[in-house]
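Going by TrEMBL, these are the annotated features:
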DOMAIN    29-202  domain 'Hydroxymethylglutaryl-coenzyme A synthase N-terminal'
ACT_SITE  E111  active site, proton donor/acceptor
ACT_SITE  C145  active site, acyl-thioester intermediate
DOMAIN    204-486  domain 'Hydroxymethylglutaryl-coenzyme A synthase C-terminal'
BINDING   S237, K285, K289  CoA binding site
ACT_SITE  H280  active site, proton donor/acceptor
COMPBIAS  485-495  compositional bias 'Basic and acidic residues'
REGION    485-536  region 'Disordered'
Amino acid sequence: MYSALGKKGVVYSSCRMPGSVPANGEATWPKDVGVIALEIYFPSQYVDQAELEQFDGVSAGKYTAGLGQARMGFCSDREDINSLCLTVVQRLMEQNGLSYDQVGRLEVGTETIIDKSKSVKTVVMQLFEESGNTDVEGIDTTNACYGGTAALFNAVNWVESSSWDGRYALVVAGDIAVYATGSARPTGGAGAIAMLIGPNAPLAFDRGLRGTHMQHAYDFYKPDMGSEYPVVDGKLSIKCYLSALDRCYAVYRNKIHAQWQREGVDRRFSLEDFGYMVFHSPYCKLVQKSLARLLLNDFLSHTSPDTETGPFSGLEAFRDVKLEDTYFDRDVEKAFMKASTEMFEQKTKASLLVSSQNGNMYTPSVYGCLASVLAQHAPQDLAGQRIGLFSYGSGFAATLYSLRVSQDATPGSGLDKLCASLFDLKARLDSRRKVSPAVFADNLQLREKTHHLAPYVPQGSVEDLFPGTWYLTRVDEKHRREYARRSLNDSDRPLEAGMVNSTTASEHIPSPVKKMPRIPASTAGPEAVTISNGDH
């Protein structure tokens, strides 16, 4: 398995609990912290974007060819951010045979705020009641579409810190993205992602390789607490997104160059060094333009690019352009999109499966793209690759970072299990129910009229939800929300909120230090904990 610590790490065994400080007092952290398991949830219904073009009376291809969107998932009034997160967390736990007492941190990233005080995380704690585990750190993190990434970083930092008690961290990113009638409406979507974070992960964080950019702008924001709809400055939002990408990529490259120099490696980092590159996807066409933008960055930073052959062929005319002048330069955009066509096909196109078929999920967006890559490639093709991820949240906050895929792709390995858990992703997308644009519009109008209404009983069909989906049953006069779960067995009655019984057989594992699913057997017991010592 790939080690994020490189050759300098000193590995030793200890009878101490994972995360405890050894006798010599040196800084320690577990090895290869990252994503061990990943689950995705999206609504059971969608609207076809080509049909929506006709319904909205816009030119054919505006949403499909122009934005790169094929379908858009959406929620009825039966689903809210709490139900989305309940659903994806319980699905991840059941699918991986995990017990709730194995989780020591639960962090939620979302911008779909339904309460200004009570966190979504505390609602999800209903799932933990049967286990008796209330010792679970973490709450909600909010900054537009960046909240999920901030939650993920918090979880990774916890596992690598002296606060870690040996249990897993669980990260949930979820949102319902809806817009008022108009040009932005086809860029909506909905869904949630849950990620299990721990050591010896098949997707390990590249230590020290994060390029972050934070700046103030009113490009997209939600100042009206009585509405789900944002205020959007579309042109400014695109400029902020692309400028953040430029800055983050520059910082990332500087950090990896410094790392390579310390290791005696004398060469330049470029887009070619990413096996796959995934982006936050407001709409698919922007992602394609963003990959072209990274190629432009490589071209302008290169001291002597070859414009006769290779990816920079024929681009000599753009040698003296300035990045800050090119955000809306059609000639530059067209030239570099053409030059990056092959890279896009190889490194990024597969990541747009969920984005094109379900739309923008906000905080889960970039992780839906990661799931799409894992679902469509064999473990052997992914093994050893570096995956670049760019996360952007309006307002604005952005980070470009990378994950290293385990070298071990053998049957039964962590990587093999992770890919296998997502093999049915396309089939799940195809199993959704298509509804007409009129029904879609009616649903959004109903959500608009009943937003924060109390008391309220939802009108949407429960039978149309996927089996195992949590849904809203009522909002009482004090705005307290009650939920139930649609059974995994269609013939059963829905389960009441707080009950986590399942028709899926799963092993109850009372202590994570005795057995951690997906973590190699060498770390199964407290007597064989592997801890590495190296550079942050």
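Note that Cβ sites are derived from N, Cα and C of the backbone, with glycine treated the same way.
Projection of TrEMBL feature records onto the structure.
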| residue | record | CB count, 10 Å |
| --- | --- | --- |
| E111 | active site, proton donor/acceptor | 27 |
| C145 | active site, acyl-thioester intermediate | 32 |
| S237 | CoA binding site | 22 |
| H280 | active site, proton donor/acceptor | 32 |
| K285 | CoA binding site | 16 |
| K289 | CoA binding site | 20 |
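Other residues of the same chain near the CoA site, with their Cβ within 8 Å of the Cβ centroid of S237, K285, K289, are I238, Y241, L242, P282, Y283, L286, V287, S290. Recorded residues E111 (active site, proton donor/acceptor) and K285 (CoA binding site) have their alpha carbons 23 Å apart, per Cα-Cα distance.
Ranked by CA distance from H280 (active site, proton donor/acceptor), the recorded positions C145, S237, K289 have C145 at the top as the closest. C145 (active site, acyl-thioester intermediate) sits 19 Å from K289 (CoA binding site), taking the Cα positions as reference. Here the binding residues for CoA are S237, K285, K289. Their largest Cα to Cα distance works out to 14 Å.
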